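**Q** Annotations for this protein, taken from TrEMBL, read as follows:
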DOMAIN    94-386  domain 'Sugar phosphate transporter'
TRANSMEM  89-112  transmembrane segment
TRANSMEM  124-146  transmembrane segment
TRANSMEM  166-185  transmembrane segment
TRANSMEM  197-223  transmembrane segment
TRANSMEM  235-252  transmembrane segment
TRANSMEM  273-294  transmembrane segment
TRANSMEM  367-386  transmembrane segment
Amino acid sequence: MQHAVAASISSSRAVTAWASSSATSRHAGAASCSTSRHAVAPLRVRGQVPVVPLSLSLLSARPRTALAAAATTAELPPADEAASNSGGIAGAVQLGALIVAWYLLNIYFNIYNKQVLQALPFPLPYTITAFQLGFGSLAILFMWAARLHPLPKLSAAQLAKIAPLAAGHMLGTVFTNMSLGAVAVSFTHTIKASEPFFTVLLSAFFLGEWPSLMVLGSLVPIVGGVALASLTEVSFNWVGFWSAMASNLLNQTRNVLSKRLLGGEEEESMDDINLFSLITVLSFLLSCPLMLLAEGVKFSPAYLQSTGVNLQELCVRAALAGLCFHGYQKISYMILARVSPVTHSVANCVKRVVVIVSSVLFFRTPISPVNALGTGAALGGVYLYSRLKKSKPKSQ
């Protein structure tokens, strides 16, 4: 009896060993066939999952590793490829529409803002700035109240870091309005084309980022073009010149400090729209006491009517300028979220060309050939600077 049981156990072990060796040989044969034919017939899955050629070598790995390897070697079928291309085209069309809207709003802001500044019997740059920032703040509060965009989660530490950016943004806008009120729009934007010069200077001072010789060489046509345009500008005066320069300094200081102060992990939850919105609201709150100290309350209807200003036309154009001011700055942040900073810089350079040309045509600003040459040299230097920053971003 014991001999029979032992024989039965030995027989079952032999059967098991035979089955195991048979399964191993079948797997080896399948793997060999898969290797020789590169892959098994592709497995098509419904939905939008791409066609993935699965081999037994992928299945033998862990599930997540196999899925990652399969996704790496996946090939889109014609339908999915067409959908991907259509998505790329839709994204490009959307980006193009944003850039066009950015340019148009900037053009109309400069036109309406210049008309408002020209209509006033005296310059009120602080009051105009407070009005523009206040209009933007109302639009932002409506956006948050209507839940068109989620409210930011702001801590005291974040507020302390954003406050200097808001102060620089507010003062930069004040000096821009000073310059637009004193000189031609085209000349203000020609001077503001020297922003890369301040970017290089402030990056070296605050961040320790020293430029290469090629980047320094691109600053030569910028500085030379601005100087040439200034010497031949019909509307030139020192108030307009130094106001535009101060605007450059403050705006670029804001940008450089934003890189240093907002680079921590706690700010990663704040998107570009909320960051811009907080800067705008804080800028408005800071502009109100400055307006009262510098100019008082002179933008009242009774006071303006006593000066002979067409109050209705002035208010309509001031409101349109405020709308365009807030709109083009928000769109600028939206574009920056979709493209690289270098691409945004190049688009901003082209935008400045469009604004200069449109303002010259609208206001019939006299431009001499030498003045046009200086403006072109400055803008060409800005474009060259942007391309050099793209070619070697780390060393520059």
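Just so it is clear, glycine is given a Cβ too, placed from its N, Cα and C backbone atoms.
Bear in mind that the values here come from a model prediction, so they are computed numbers and not experimental data.
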**Q** Counting Cβ pairs under 8 Å to the transmembrane segment (273-294), which of 89-112, 124-146, 166-185, 197-223, 235-252 comes out on top?
**A** 124-146
**Q** Can you tell me which of 89-112, 166-185, 197-223, 235-252, 367-386 gets the most C-beta pairs within less than 8 Å of the transmembrane segment (124-146)?
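**A** The listed stretch sharing the most Cβ pairs with the transmembrane segment (124-146) is 166-185.
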